[in-house]
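For reference, the structure is listed below as structure tokens.
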Number of protein chains: 2
Amino acid sequence: MTITAPKGFRAAGVKAGIKASGNPDLALVVNDGPQKSAAAVFTSNRVAAAPVHWSRQVVSDGRVDAVVLNSGGANACTGPQGFQNTHATAEKVAEVLGVSASDVVVCSTGLIGEQLPMDKILPGVDAAFRELSEDGGSAAATAIMTTDSVSKEAVFTGTDAQGKEFTVGGIAKGAGMLAPGLATMLVVLTTDAEVPANELDVVLRDAARVTFDRADSDGCMSTNDTVVLLASGASEALPSAEQLSEAVTSVCAELARKLIGDAEGASHDIAIRTFNAASERDAEIVSRSVARSNLFKAAIFGKDPNWGRVLSAVGTTDAVFEADQLNVAMNGVQICRNGAIGDDRNLVDLEPREVLVEIDLQAGDAEATIWTNDLTHDYVHENSAYSS
Amino acid sequence: MTITAPKGFRAAGVKAGIKASGNPDLALVVNDGPQKSAAAVFTSNRVAAAPVHWSRQVVSDGRVDAVVLNSGGANACTGPQGFQNTHATAEKVAEVLGVSASDVVVCSTGLIGEQLPMDKILPGVDAAFRELSEDGGSAAATAIMTTDSVSKEAVFTGTDAQGKEFTVGGIAKGAGMLAPGLATMLVVLTTDAEVPANELDVVLRDAARVTFDRADSDGCMSTNDTVVLLASGASEALPSAEQLSEAVTSVCAELARKLIGDAEGASHDIAIRTFNAASERDAEIVSRSVARSNLFKAAIFGKDPNWGRVLSAVGTTDAVFEADQLNVAMNGVQICRNGAIGDDRNLVDLEPREVLVEIDLQAGDAEATIWTNDLTHDYVHENSAYSS
């Protein structure tokens, strides 16, 4: 059920002492091959953390031997010293594993603007190395948690044309700051399929575009987002691009769903589906505009089917539609018809955690869904108290 | 101190019974001339309320005799019936005043998606007509309040080249949904200067661009925003465009400041000033990006000078800057220097309601300020309970 489900991988998660809480805070994932191909996508935030700058370089040649991840500190906005600390972490991993530092991806998550305690990180790498095991994936998933209430793992097993099985596994962390071009989200995906790095890259980008990129918890974009996919080739399976894409997208979708389901302080998970749009881009911007409306999100928290706030968010976009042709349904009740009052809003049941908002643009046949959360007292509480 | 301070205007505010609370909910403002020139700006939301569609037409010829405003219902997303109700309201005002309905601006504010109680509105117009007086401006200001905790008024007196005095007065309502291209904001401005409508239009647009458009409480854009400026010419003063612009901008700035100061549930008023930008547009988008970050706004509520959340919001923009040259000060303390850790964050005092965030892009000499609020428990509470 995790990243060590695919053959050819070992992982570990340990307590390095970075977190004041004493919880696990350092993870190591190693690809034992025979293949070492890899791809990754990173935050599009121009204020990117030191480990993002480092790891972009590492992945650029399509080979990765190991990924080291720490929680308890983002190592973002930490200047030259921060970059040196990322480099030193990679060197330490390279030393214990006998690989090149230039093949070690580094990920960090936690508070921005503080230097990492290297006197904890480096011994932590030693400890993680000693703990590496073929069933260490779940320990790694636990060690990357920050405000997550549960660890997130997923797995998918497929079959290639010759009937050989291959597996894709994943772990993820992230509970706030979920947004466009990813979110404070660290994701490690593994597969034992035999896939060249350039093909991994295409498959990963396509999967991220329709999963992580459409999970938009609070519209904020992290400095540290990293999604890395490693292939060991240990199953000797040779899935087609479609077969691999199905497996990777499935794992990414499950992880994205778990991230939204555990978003900080949320009491509702909201899917905003826009359909009959002139283009997929139109459908996406309309759904995202609603997902970013604090007024709409607060209304859902209050179990108030306030479709006026949906329409006012739709009206700020440049998508193709006529205001007097918009239809909105909430949990199956058509509360807005042709831009005006539809069925009785009191028929909408917002007691369940799951909410489905459907927006009909009557302008074409494209659609897209954005997943978000409601805006709650607990969101405010957690995010006003996070660094203090 | 209000819209009846300039000569040539009468106003009234009455209890029409639209609001369940029984508070005043209908206002009437009449321009007795001799001049009747006017200009207005409206929401850029494509889902605009019926009164916005109506009033755009009314103002297009530059003449307005009266403005009728109701709280207790937005008349937005109400279909053909909603437009008929706006039309009937204007006709009623025209009838009692003996003017043309096509010279009557109508403004509504309140819940979206419900029809107005016309059996309350029409008698309310009669009542307001009877109450019209040369010191009725404050009563009008009170009648347009929704979740506002105080009414908002401002006045500015200037002098033309011949030494003749002229006055600009204003009233405003709005306490949430403040955003780009205005906000659920109804503003009536009056002046007794003699100004043709085309000049009023230029002056009003320029003033709104740097005042109301830069008040961004929660990033949400209303369906009903209207700012209307009426000139009576009753003072016979002939201010230059610059003199009038100074007066109108001053009144708009004071009203915008009062709107932010009374934003729903806010505990801090935050000015985000970006300077040394390559262009005013860059400075504005950087400040606005920070103003829209829920994580930043929640941190300020928690009195946490979390400059990492400022930088991560700056990093999502396409403004000209280098990440390692960004400086951020909060209430005068330089907590981020060259994109990394600056002075001790514990030196920042976030106890006062007023917060000043200064972002130095080191990329030019332009600047802009956006005014916003923190994200609080009370914001969530008020906006989750609003329509229920």
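Using N, Cα and C of the backbone, Cβ positions are placed for all residues, glycine too.
Annotation source TrEMBL lists substrate binding site at B:THR146, B:LYS173, B:THR184, B:GLU264, B:ASN383, B:SER388. The feature active site, nucleophile is assigned by TrEMBL to B:THR184.
Here the features listed in TrEMBL are placed on the structure.
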{"residue": "B:THR146", "record": "substrate binding site", "DSSP class": "coil"}
{"residue": "B:LYS173", "record": "substrate binding site", "DSSP class": "strand"}
{"residue": "B:GLU264", "record": "substrate binding site", "DSSP class": "coil"}
{"residue": "B:ASN383", "record": "substrate binding site", "DSSP class": "helix"}
*asked:* These are the binding-site residues: B:THR146, B:ASN383. Which one scores highest on other Cβ atoms within 10 Å?
replied: B:ASN383
*Select from B:THR146, B:LYS173, B:ASN383 the binding-site residues whose C-beta atom falls under 8 Å of at least one C-beta in chain A, and return them in sequence order or as 'none'.*
B:ASN383
_Counting across all protein chains present, how many other Cβ atoms fall within 10 Å of the Cβ of B:GLU264 (substrate binding site)?_
26
*asked:* What's the number of neighbouring CB atoms sitting within 10 A of the CB on B:LYS173 (substrate binding site)?
replied: 27
